[in-house]
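Now, the feature entries from Swiss-Prot:
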type: ACT_SITE; residues: Arg145; note: active site
type: ACT_SITE; residues: Lys169; note: active site
type: ACT_SITE; residues: His238; note: active site
type: ACT_SITE; residues: Arg241; note: active site
type: ACT_SITE; residues: His264; note: active site
type: ACT_SITE; residues: Tyr273; note: active site, O-(3'-phospho-DNA)-tyrosine intermediate
type: DOMAIN; residues: 1-84; note: domain 'Core-binding (CB)'
type: DOMAIN; residues: 105-286; note: domain 'Tyr recombinase'
Amino acid sequence: MDKIQETFLYMLKVERNFSEYTLKSYHDDLVQFNNFLEREHLQLETFEYKDARNYLAFLYSNQLKRTTVSRKISTLRTFYEFWMTQDNSIINPFVQLVHPKKEKYLPQFFYEEEMEALFQTVEHDNKKGIRDKVIIELLYATGIRVSELINIKLKDIDMNLPGVKVLGKGNKERFIPFGEFCRQSIERYLEEFQPKQLANHDYLIVNMKGDPITERGVRYVLNDVVKRTAGVNDIHPHKLRHTFATHLLNQGADLRTVQSLLGHVNLSTTGRYTHVSNQQLRKVYLNAHPRAKKGE
């Protein structure tokens with residue numbers, strides 16, 4: 001990998017606070033691009049618009065989804081934009097390339113009864129269960145990203161309000177309140193688990209060895225809980241984020257408030273995460289439409 005590409009990835013990690021999974025996607029996109037350059041005998045510095053079009057055609061020839069192609073092109077466009085700030089002689093060959101439209105989809109979320117099933121599955125009488133419950137409670141109660149969760153420190157938790165301060169994308173801080181269930185879960189965790197596992201750090205969530213938990217560790221915890229939960233077949237951290245937003249909207253929260261809680265700069269971004277369930281749509285329809293209910 002070229003040195004400027006390594007500098008680019010370092011910038012994304014340090015300055016933009018990208019998660020390890022996002023960084024891996026950027027890294028893999030650059031590696032694939034470099035392989036294309038080598039195969040076609042092209043140079044990074046002299047790569048042109050016509051070459052960018054050929055690369056786009058190459059990606060589509062691999063039967064990739066439009067969403068994946070869009071991300072890969074976005075990675076390269078962002079990389080060249082960064083390179084231009086370091087070298088005035090560089091031109092971005094992807095700036096005029098027509099961006100493939102992303103496929104639209106409704107984000108998956110858990111129904112309230114499914115969330116209750118998850119909480120019931122978590123063991124409550126051992127250290128691992130106490131820790132696992134805090135992870136799920138925080139992700140569901142606040143809608144934070146896993147990259148934000150694993151970086152929460154003890155000083156970031158306010159048990160009086162209660163709420164938590166997190167460092168989001170672009171190193172932007174925000175405060176998210178949480179409810180009594182989450183507060184009690186954290187309180188028990190701090191009393192019975194965390195102090196005994198604390199090493200030379202002040203991170204809130206730790207693994208069973210007492211070290212700060214990783215994103216991979218959080219995903220392992222979630223998958224383990226799902227395997228033992230009847231009626232729940234799939235989970236990923238962002239699904240809990242979708243669930244957080246969906247449940248708030250279903251209970252009447254306004255979009256601007258949800259935007260602030262999620263840490264989104266643009267309201268349009270929040271729209272991708274927040275949608276109402278079919279049950280909620282029917283409930284609103286039945287209550288609002290004058291001819292929705294027969295005989296009334």
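Cβ coordinates are placed from backbone N, Cα and C, and glycine is handled just like the others.
Within 10 Å of the Cα of Arg241 (active site), the following active-site residues from the list Arg145, Lys169, His264 place their own Cα: Arg145. Nearest by CA distance to His264 (active site), out of the active-site residues Arg145, Lys169, His238, is Lys169. Residue counts for the domain 'Core-binding (CB)' (1-84) under DSSP, split into helix (H, G, I), strand (E, B) and coil, are 65 helix, 0 strand, 19 coil. Around Lys169 (active site), taking its Cβ as the centre, 16 other Cβ atoms fall within 10 Å, counting all chains.
Mapped onto three states, the DSSP output places His238 (active site) in helix. On the 0 to 100 pLDDT scale, the domain 'Core-binding (CB)' (1-84) averages 92 in the predicted structure. Here the C-alpha separation of His238 (active site) and Lys169 (active site) works out to 15 Å. There are 16 other CB atoms within 10 A of the CB of His238 (active site), with all protein chains counted.
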